[in-house]
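For A:His115, the entry in TrEMBL reads active site, proton acceptor. For A:115-118, the entry in TrEMBL reads motif 'HXTX 2'.
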2 protein chains.
Amino acid sequence: MKLSVVAFPSKKLQDLANTYRKRYDSHYAKITPYITLKEAFEADESQLADISNKIKSIAEKYGPLKIHASKISSFFPTTNVIYFKIELTEQLQNIHNDLYHEIDIGKPKHVFIPHITIGRDLTETEHDDIYPQLRMIGINEKEEIDRIHLIYQLEDGSWTTYETYKLTGAL
Amino acid sequence: MKLSVVAFPSKKLQDLANTYRKRYDSHYAKITPYITLKEAFEADESQLADISNKIKSIAEKYGPLKIHASKISSFFPTTNVIYFKIELTEQLQNIHNDLYHEIDIGKPKHVFIPHITIGRDLTETEHDDIYPQLRMIGINEKEEIDRIHLIYQLEDGSWTTYETYKLTGAL
């Protein structure tokens, strides 16, 4: 099965992201707005308990994630993904590293750029039309996220939460 | 915010339900297939921690939910909802009662009929067309669900998991 580790921002920030995703994100109906901490990876159902325990240990090391959605940006020309940029902090980088190090399945495909996707699978014309507008509107939201989620994907591409882990540590 | 307590069945059963929901359930994109244990109720964000603690206590009383999806049924003529019927057990009735008793918000609107919705918002003609076919196909799946979820609704109607609770008790 396909798994991933994510942080869901506050309802307020999810609602805001969805006002854009509804129109611009092809995955809008598959999952509510999220920040990926470990990209989707394949694992056998028999490994779930072990993976879950490892995430639990990591979550016990870190305190609530301090996030700052600072601007609207794009991965163009790599992909036509438009996103809320989350400022990279030492805390986010460390928890990301720990997740890859401890759950030794799947290597990072990209440098870690924490973000909330708001547009995806746009044509180049759509992207070039929408992106400058969104960039101008921008975003500036700070908040704390006190838990992370292990999620799994169904055959239709949608995601269900397997477990939540409270961030109860000091880091 | 709007909250609810649900159990997500196995990936296998969710995938099966989605093959129908994709076509017949208007809420298909809002949430993955689920069994409602406490219907949606309004609560203030400040009550979340308290509600969560109460669910945690209940989850510690009960063991994994033994469920049997035994047939495809319909709430017609009350509503045009088609569903996998989950056989009512003492365990399911008790956990449902506890959730209503402990979280003293919102009374049950209906008798508790555990189910997984696979069709909704159908016209009467659609319902009468589809239901006999589905009833004939039927379902017969038994499984154990070892956790329950507190979920909250976003403004667009979709649901995010707030927390998962493992069923670690003996009942």
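Here, residue 1 is simply the first one shown, and the rest follow in order.
Glycine residues also receive a Cβ, built from the backbone N, Cα and C atoms like all the rest.
Those TrEMBL annotations? Automatic predictions, nothing curated.
Residues 9, 13, 17, 20-21, 24-25, 27, 33-36, 69, 72-73, 81-86, 134 of the same chain lie 6+ residues outside the motif 'HXTX 2' (A:115-118) yet bring a C-beta within less than 8 angstroms of a C-beta in it.
The predicted model assigns the motif 'HXTX 2' (A:115-118) a mean pLDDT of 98. A C-beta separation below 8 Å, combined with a sequence spacing of at least six in one chain, links A:His115 (active site, proton acceptor) to A:Ile35, A:Thr36, A:Ser73, A:Tyr83, A:Phe84, A:Lys85, A:Ile86. Counting residues per DSSP class in helix, strand and coil order gives 0 helix, 4 strand, 0 coil for the motif 'HXTX 2' (A:115-118).
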